[in-house]
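Under the heading heme binding site, Swiss-Prot lists Tyr36, Cys56, Cys59, His60, citing sequence analysis as support. Residues or ranges marked as signal peptide in Swiss-Prot: 1-35. Annotation comment: Swiss-Prot describes 286-306 as transmembrane segment.
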Amino acid sequence: MQMRNTFSWIKEEIIRFIAVSLIIYIITRAPISNAYPIFAQQSYENPREATGRIVCANCHLANKPVDIEVPQAVLPDTVFEAVVRIPYDLQLKQVLANGKKGALNVGAVLILPEGFELAPPDRISPEIKEKISNLSFQSYRPTKKNILVIGPVPGQKYSEITFPILSPDPATKKDVHFLKYPIYVGGNRGRGQIYPDGSKSNNNVYNATSAGIVSKIIRKEKGGYEITIVDASDGRQVVDIIPPGPELLVSEGESIKLDQPLTSNPNVGGFGQGDAEIVLQDPLRVQGLLLFLASIILAQIFLVLKKKQFEKVQLSEMNF
């Protein structure tokens, strides 16, 4: 009986240890690999500043292209696709938080007009569902359903992201009108260079904080370097810490200047933003246009028939 209790206690302790380890892993890993859309959500009420700049550019410093494709016009209460393309060389590898090389992730923020929102699952067609695959979209804020974020997701699989969007109906939403509206998009590939608190990530260039002579370079056990710089004028020592990832460009005994790069730039990613326009079309206006075109076609047909009839009359009179 005592042996059974002992075995049960050991089993419970092992399960508890595994659970605690898993929780610690999730907490410590999330800010490194899965948190960069959350950085913007936590720090900014609106992802688009008054200047038109999307705040993701504050952390992703390199400028890269992004493209968005939407229909020219949509009818009310209709599901349509907004396709965001984040192009990059799929062979590229980025510096991860631990200093090793790995594949790039991508992410995007889509800023829709007020009233437009993510389409509910029961309104999405099988064709669009196939394009979406396993992607999970979320609102930037519970109160901002027109702003959607996605990522990070594997760039090799999702460099093209399809958002299923539901257009509003002015008949039920009085603040929505049949107009032309702008749509804004931001898309990044790879990790950022700056964290929200202003500190550098290891996906960045590290510069000398002092001029002088590099007197000592210590390679740290877990990667990275400690570089000691001695000021030639007063002998003051400054130690610059380089995290794992960037490649060192200086050597011991080398004379360096203030702000001189100590490392290469490991960043291969970047952020881009773009915009598009979409018209919320009034169905009555479309019907009116179709009727107008139909009337023109009928008028042309009657005109041709009348002309042929007139020609026949003329021909018969000439024969008479």
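The backbone N, Cα and C atoms fix where each Cβ goes, glycine too.
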The most crowded of the binding-site residues Cys56, Cys59, judged by neighbouring Cβ atoms within 10 Å of its own Cβ, is Cys56
Assigned conformation of Cys56 (heme binding site) - DSSP reduced to three states: helix
In sequence order, which residues at least six apart in the same chain have a CB under 8 Å from the CB of His60 (heme binding site)? Asn188, Gly190, Gly192, Gln193, Gly269, Gly270, Phe271
